[in-house]
Every structure is written in C-alpha cells, then in structure tokens.
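Here the structure is laid out as structure tokens; the discussion comes afterwards.
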Amino acid sequence: MRSEGDTWDITTSVGSTALFVATARALEAQKPDPLAVDPYAEIFCRAVGGSAADVLDGKDPDHQLKTDDFGVHFVNFQGARTKYFDEYFRRAADAGVRQVVILAAGLDSRAYRLDWPAATTIFELDQPQVLDFKREVLAGVDAHPRAERREIAVDLREDWPQALRDSGFDPDKPSAWIAEGLLIYLPASAQEQLFTGIDALAGHGSHVAVEEGAPMTPEDFEAAVAAERAANEQGEQRMFFQLVYNEQCAPAAEWFGSRGWTAVPTPLADYLRQVGRPVPGPDTEAGPMIARNTLVSAVRA
C-alpha cells in the first residue's frame, strides 16, 4: 500500500507501473497494424530484463499482458492512449505552442520520437531515480531528443510549480500539458492541487490533456485489493490496486470547463471504437477499467 511521502525507482511501487505500461507499448509496436509505435519502449524493457523482456520474446505466454481476459485489451488500451496523446501534442504544436510539460514523465519518450517544431522546450517532471534510469538507458543507445529537454526531479505532491519556473518555464507563454496514467496514483486533494497548478501556470492559448478514471465503489475497490493480495500470496506478481487511490477531485472536463477552458471528454471505450479496436465486455477483467476511463483535452482561449 502507499504511504505519505513514499518514493520509488523504475522497478518498485508506482515506478513499476511505468515499466508495465512500456511493455504493453512494446507489444503494441509488434503488431502488423499498431496504433502507435514507441521504439524506445522495448529498449527500456530489455534494460530491465526479466519478465519485461521475456514477454516480448514470447518466452512468457502466461504473462498478464498475454491473457485474453485482460492483456489483449490492456495492450490495445495503451496503443490507443499513446495515439491520443501523440495527436494532442501535434495539434498543440500546430497551434504554435512551444512549451511542453509532461507530468510524471516516467518512460515517456515523446521528446525523442515525435517531430517537434524548432524552439520547443519539453519539461519532464518525475522522481529523480526514474529520470536517472531513462537518461542512462537512452544515452546508452545514443538517442537524442528532438527538442530541448529539461528534467525536473520533483515529487508532484511537493512544490512542483516553483521547480518548473526555476527550470525556465514561462507562464506568460502558451504551454501544452499532459497527465497520462497519473491521476489514479494521487489522492483527490493532490489531484486538485495538480489541476490548480496547471491552471495558474497555463497562459492564454494553452492546452491540457489528462487521462482519468472514475472511482470504483468502496466495496468493489476493497474486493479488488483483497483479490490482488491473494494472487500475490500465490506467487503472482500483481501490484495495481494496492498502489492507486480510489478517489477523484472532480471530472477533469468539469473542473477545467468551470475555469474558462473549452474541454472535450472522450470515453476510452468510444475512442477504442474510433480507432478500430474492440471494447471488452463488462464480464472481462479489463472491461470495468476501460468503462471507467476517459481521455480529456482542453484549450484555454
């Protein structure tokens, strides 16, 4: 379970979820018709080794990401989510935005794999050990960012707005923000703090995009945590419900919309249909997760 002020690297606690998601992105890239291709996802997996690499080589057919009930749909989910945020950044760049803020950057490689306009600066915020891992792995394969990239080692439960300004962020210029796979790992109070920080720093012409999940009922959440613990006792390595906060400060579209942003929420299930991927039924392991998830983008005039 989480504790106040807890920290992590790429193989522990919340950091391990970034590796799990990177593995899903790497599996998506292996498809003949991928929704998005992140060539660095596989590099991160192989740098860690173990099951993250084995599943890519077909050596772990029982891996959670290979199951029909969950894995197939989760890989589709990550392909769709990656595509959504990639296209969001392209729209922001086309609109003239040259400051990009990636909150809880994890193993996000967009600074290296997307085509950025000249004079773009990308600010990546995350735990120091996570940023160290990414930098060392990418340097090891001689990868170079396609825009100016600035690392900001900070906990998003601390004064990250000041750390961002100290790194050269200009709140008077438009910016593009993402919170991808982040909000569920923050309690409602920290989500509110995060949204407030974005709203305070985002000038006119700014964009924001977030992924959010509607909370489960307390009974369903407690049952999911108990089932996960039981699976761990049987030797399975599952750690998700024990890491998340089953809380939400407010739906993002409502929160930003009430503060002058034009927000567009897209239920994940609708987006999966839009990009030609199946939507899992409610009786599958992945179904309820997909049904609760929404992708939101907003623009400040």
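Note: Cβ is positioned from N, Cα and C throughout, glycine not excepted.
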Of Asp115, Asp126, Asp132, which one shares the S-adenosyl-L-methionine site with Asp155, Leu156 in Swiss-Prot?
Asp126
Centre the Cβ atoms of Asp126, Asp155, Leu156, go out 8 Å, and tell me which other residues of that chain have a Cβ in range of the S-adenosyl-L-methionine site.
Leu103, Ala104, Leu125, Gln127, Val154, Arg157, Glu158, Trp160
